[in-house]
Amino acid sequence: MEEAAAAAGAPPPGAAAAAAAGAEPSPEAAAPAPRRLLALLGAKLCTWHILKTIILGQMLSLFICGTAVTSQYLAEKYQVNTPMFQSFINYTLLLLVYTTMLAFRTGGDSLWQILKQRWWKYILLGVADVEANYMIVKAYQYTTLTSVQLLDCFGIPVLMALSWFILRARYRLIHFLGVAVCLLGVGTMVGADILAGRQDSEGSDVVIGDVLVLLGASLYAISNVSEEYIVKNLSRVEFLGMVGLFGTIVSGLQLAIVEHREITRIQWNWKVALLFTVFALCMFGLYSFMPVVIKVTSATSVNLGILTADLYSLFFGLFLFYYKFSGLYILSFVIIMVGFILYCSTPTLTAEPTALPQPNSTGLDNAALKLEEGESETPAITVQFTRGETVAVRTD
């Protein structure tokens with residue numbers, strides 16, 4: 001019977017049973033599904049672009065950490081509080097290096113041509129950058145560390161909004177999710193500060209301090225969006241040269257007004273000079289390196305990446321200032337990095353500029369224009385020879 005069935009083309013009973021059994025998914029076939037999901041996530045998240053972005057962002061964080069640690073060491077050990085003087089040194093270094101490079105250029109991107117075409121824009125950019133640095137540092141005298149850390153994050157949504165309208169960046173859901181996770185990490189870090197007892201002072205005027213932080217964060221956002229636009233459309237040297245030129249002028253004037261007495265009180269020695277030098281080199285490295293990172297990524301991703309700078313400062317503070325350690329610091333670092341990776345896992349889109357609609361009809365002006373063009377054109381003459389040696393002349 002089985003031979004007859006095989007000859008007729010029907011499967012034998014054993015084969016039918018095997019087929020029926022094979023219709024049900026086996027545990028071996030169902031097991032690789034989670035592994036495939038993990039492999040898909042790994043292929044999306046573990047890429048060279050994301051790894052490079054993480055490394056570059058943490059290098060910027062270390063530069064910021066260097067400026068924070070040296071400033072705090074100057075304030076606590078030597079009673080030196082001169083944020084504007086320290087910024088003036090950085091802008092002067094930018095002036096000597098990058099503005100000098102622009103001065104030796106010729107053609108359309110020379111220093112004279114840039115000043116002639118865009119001088120007032122760079123004045124505004126210089127004012128925004130100088131005052132952003134000053135306001136954030138000044139806010140520590142009025143409000144608490146918690147307020148500064150939390151309200152400083154206000155610059156990230158401002159930066160995203162400015163990027164949306166000015167740079168025409170378009171975000172996806174995963175970008176907002178990444179930002180939310182990063183802000184959760186900042187909240188964890190602030191909670192760790194409170195538990196570790198770092199809130200020693202409530203500040204002399206919390207409202208003034210909070211307003212200074214919000215204004216400083218907004219000015220930082222304006223400066224970063226301008227930096228991204230200039231770096232990606234013009235050049236890195238132009239941005240740094242112009243910021244160095246006008247930043248030196250603005251910070252020098254403000255220094256002469258608000259900090260001349262503090263400078264005269266500095267008790268100079270080799271340790272103080274070394275701390276000023278380290279601060280200036282870290283700030284100069286931050287300003288010189290940030291345009292490179294922004295050109296590879298974006299201003300928003302850079303600001304998310306440098307949220308870890310406070311954590312690096314805290315880790316150094318464990319040895320220099322004898323801070324209390326909390327496991328929440330490690331947790332907050334991990335949360336911030338997870339949010340940063342989520343944000344960088346998917347590139348943002350750029351909206352195309354809207355094209356102007358073309359007129360459907362010629363209209364009176366266009367018709368008159370065409371009539372004038374037709375009258376000015378020389379008529380074309382075609383000469384044809386036909387049989388019988390008759391000449392036909394036709395004018396188009």
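Cβ coordinates are placed from backbone N, Cα and C, and glycine is handled just like the others.
As written in TrEMBL, here are the features:
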- 54-75: transmembrane segment (TRANSMEM)
- 87-107: transmembrane segment (TRANSMEM)
- 149-167: transmembrane segment (TRANSMEM)
- 173-195: transmembrane segment (TRANSMEM)
- 207-225: transmembrane segment (TRANSMEM)
- 237-258: transmembrane segment (TRANSMEM)
- 270-290: transmembrane segment (TRANSMEM)
- 302-321: transmembrane segment (TRANSMEM)
- 328-349: transmembrane segment (TRANSMEM)
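Non-local neighbours of the transmembrane segment (87-107) in the same chain are 113-114, 130, 133-134, 237-238, 240-245, 247-248, 251-252, 255, 276, 279-280, 283-284, 287-288; each lies 6+ residues outside the stretch with a CB under 8 Å from one of its CB atoms.
Outside the transmembrane segment (173-195) by six or more residues, the chain places 145-146, 149-150, 153, 156-157, 160, 300, 304, 307, 310-311, 314, 326, 328-329, 331-346, 348 with a CB less than 8 A from a CB of the stretch.
Using a Cβ-Cβ cut-off under 8 Å and counting only residues 6 or more beyond its ends in the same chain, the transmembrane segment (207-225) has close neighbours at 125, 128-129, 131-136, 138-144, 147-148, 151-156, 158-159, 162-163, 166-167, 294, 299, 302-303. Among the stretches 54-75, 270-290, 302-321, 328-349, the one making the largest number of Cβ pairs under 8 Å with the transmembrane segment (149-167) is 302-321. If you look at the transmembrane segment (54-75), the same-chain residues 6 or more away from its ends with a CB under 8 A from one of its CBs are 81-83, 86, 137, 272, 275-276, 278-279, 281-283, 285-286, 289-290, 292-293, 296-297, 301-302, 304-310, 312-313, 316-317, 320-321, 337, 340-341, 344. Outside the transmembrane segment (270-290) by six or more residues, the chain places 56, 59-60, 63-64, 66-67, 70-71, 73-74, 78, 80, 86-87, 89-90, 93-94, 97, 227, 240, 243, 302 with a CB less than 8 A from a CB of the stretch. Long-range contacts of the transmembrane segment (328-349) within its own chain (CB-CB distance under 8 A, at least 6 residues past either end) are made by residues 44-45, 49-50, 53-54, 57, 169-172, 174-175, 177-186, 188-189, 191-192, 195, 297-298, 300-301, 304-305, 307-308, 311, 314-315. Tertiary neighbourhood of the transmembrane segment (302-321): same-chain residues 53-54, 56-58, 60-62, 64-65, 68-69, 72-73, 76, 149, 153, 155-156, 159, 178-179, 182, 185-186, 189, 193, 224, 290, 293-294, 329, 332-333, 336-337, 339-340, 343, selected by CB-CB distance under 8 Å and a gap of 6+ residues from either end.
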